[in-house]
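Per TrEMBL, the features are as follows:
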- 95-137: repeat 'WD' (REPEAT)
- 182-217: repeat 'WD' (REPEAT)
- 242-283: repeat 'WD' (REPEAT)
- 331-362: repeat 'WD' (REPEAT)
Amino acid sequence: MLSFLTARQAGLDDPLRLRRAESTRRVLNLELNHDRDVDRIHSNGVNTIDIEVIEGRYMLSGGADGVIVVYDLENNSGKPQYTCKAVCTVGRSSRYVHRFSVETVQWYPHDTGMFVSSSFDKTMKVWDTETLKPAEVFQFEGNVYCHHMSPIARKHSLIAVGTKDQKVQLCDLKSGSRIQVLQGHRGEVLSVRWSPRYEHILATASTDSRVLVWDVRRASGSLFSLDQHNGDKSKASSEAVNTAHNGRVNGLCFTVDGLYLLTTGTDDRMRLWNSANGKNTLVNYGKVSNESRKGLKITVSRSCSPEFVFVPCGSSVAVYTLHTGELVTMLRGHYNNVDCCQFHPDYQELYSGGKDCNILAWVPVVRPPDVDWGQQGVIMSGSPGAWS
């Protein structure tokens, strides 16, 4: 570490290199923080969480009880032991509360004054954070499993929505109407994700074992369907369509640069794809236990070298290196299955929510470095805590 600082002071090193090394060290030392609690508000499982990127201070959660909570993650107590307080709640007493399970919550990417939630009550609601009243309500014919707003879009204000219906719906925030339908799946759409690199590129995953990639400006169907066998007909099944997994595909996540797409399926596999051409990179993550019948919220690190992926796996969160597939560690602390996790890139922290109704905070533990990174680089040994 000292060699990094010395080289940086002398102008001999890229300032980003020190940041990547420190971010990596922090991720590799994540542990359950017993000094930080998150208010337990939900009376049923926590399905979804999201941290806003404007200040990195406020977190949303949505539960199987239909309740939505906004938390303040900042420590205002001045003490090492503190609780992330719920600053406002759309609870069961609210006339606007979702009647059934909330499956996805997401902050508006450009302003904390608005967020969006979707639910098994067949609605998606656009909320005013100040009043906690819906400014817009979209009605659908079936349960809503997921929605997503582009983090980078400037030319459109579309929300992609996956429902029990086989069609992917595109809703326009400006007009308050459903303006486009994407047809191609043969089953329920469990996950949708906009590319963080190209604002018109969308990935969708379904119970039909397929992942489709779309350019929403085109009217002629999807760009391509991900093929786990990369066109090798000898390994493919007798079906004419390409499949990404041998079971339901219930998790999608682009890497931060948008160059790769991660998918998870109920075949207990996770796959990494080149998002430009749809090729399976064939990274072997081993068995990734996945029994969820709904969407699974996975997340990736940011500004690390190597990058990491965090995956709910039973009652734990599995941490893998993105491009080698190596299992780094299992974060254990929940008493029941974990359904969602969210990485906080400002502090290299992780939050996870599960069926035990808890949201847990995983934070880096400060340990004295035992390797001079400037001389050795990033070295991996037997345990994650030994990486430096």
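Every residue, even glycine, has its Cβ placed from backbone N, Cα and C.
TrEMBL labels come from automatic prediction, so no person has curated them.
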Contact between the repeat 'WD' (242-283) and the repeat 'WD' (182-217) (at least 3 Cβ pairs under 8 Å, separation 6+): yes
Intrachain neighbours beyond the repeat 'WD' (182-217), with Cβ under 8 angstroms and 6 or more residues off its ends: 142, 145-156, 158, 160-170, 223-226, 241-254, 256-259, 261, 263, 265, 273, 275, 278, 294-296
Long-range neighbours of the repeat 'WD' (331-362), counting only residues six or more past its ends (CB under 8 A): 23, 26-27, 30-33, 36-38, 40, 42-51, 56, 59, 61, 63-64, 71, 73, 84, 291-292, 294, 296-304, 310-319
Structural state census, the repeat 'WD' (331-362) (DSSP three-state): 0 helix, 19 strand, 13 coil
DSSP-assigned states of the repeat 'WD' (95-137) in counts, ordered helix, strand, coil: 0 helix, 23 strand, 20 coil
